[in-house]
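As written in TrEMBL, here are the features:
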type    : residues        : note
BINDING : 69, 87, 89, 214 : Mg(2+) 1 binding site
BINDING : 90              : Mg(2+) 2 binding site
Ligand code: 2AM
Ligand code: CA
């Protein structure tokens, strides 16, 4: 039997230690490499942080499985037993260029069910946490349930790239949405954008392509406060697959889906 209280304490201790190491790394020169393309960055801190977590987890919970962005995790095809889904630094481009607006993201699944979610905004020292069925918190202050908001009053996060002509979505779909909402924002870290939707700082967030480690924790968090989490077609996400993502307050999510995303051109 898993002692969830003890596990939660361990995660918090490890996140604080990893966060402190990342903050200390600002004083030293980073080793920056590229992955799939010249804008897909990884640093030695991404790798060292994931390695730090996988070592801790393997020593303490040898029977748990781990999925991590930088490849220190395990190879598996399905969610069974307890699975940790880890992004050591979500928003690496921000980490490299701005030293802010990046986060450690950890989602813990019990079988197929999202159980615990942690998003740690390292620079602002804000820990967002969700415990399925027991609420979501920001630095131990309980987050209220999300209330519907009209499109005209909504702040929606999206990357400007998605409004240009591109393969995944026609600009004539997104341009009217951008025009109708109160404002748009782009923080460049999916985990932070999801934490902001959960805490009401944003009303919705959409993106064309995310990996499981980008949304594992945030999905649990948003659902815990009554927000809706789907892909851009309105279909449920598979926690182990790459996917588009559309999250938002109840009501607003449905309205944007029906009136904008599924609108026939
Ligand atoms: P990362 O910094 O951990 O790579 C930036 O818009 C957001 O999208 C970040 O959360 C970033 O995560 C993620 N991201 C960037 N490129 C991606 C890709 N090719 N696949 C999945 N997620 C990506
Ligand atoms: Ca990352």
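Just so you know, glycine gets a Cβ as well, placed from its N, Cα and C.
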Listed in sequence order, the binding-site residues from 69, 87, 89, 90, 214 whose CB sits under 6 Å from ligand 2 are 69, 87, 89, 90
Taking only the CA atoms, the spacing between residue 214 (Mg(2+) 1 binding site) and residue 90 (Mg(2+) 2 binding site), expressed in whole angstrom, is 7
Between the C-alpha atoms of residue 90 (Mg(2+) 2 binding site) and residue 69 (Mg(2+) 1 binding site), the distance in angstrom, to the nearest integer, is 9
Among the binding-site residues 69, 87, 214, the one whose Cβ has the most other Cβ atoms within 10 Å is 87
Other than 69, 87, 89, 214, the chain contributes near Mg(2+) 1 (Cβ within 8 Å of their centroid) the residues 46, 86, 88, 90, 92, 105, 191, 211, 213
Listed in sequence order, the residues of the same chain lying six or more positions from residue 89 (Mg(2+) 1 binding site) whose CB sits under 8 Å from its CB are 22, 43, 45, 46, 49, 95, 102, 103, 104
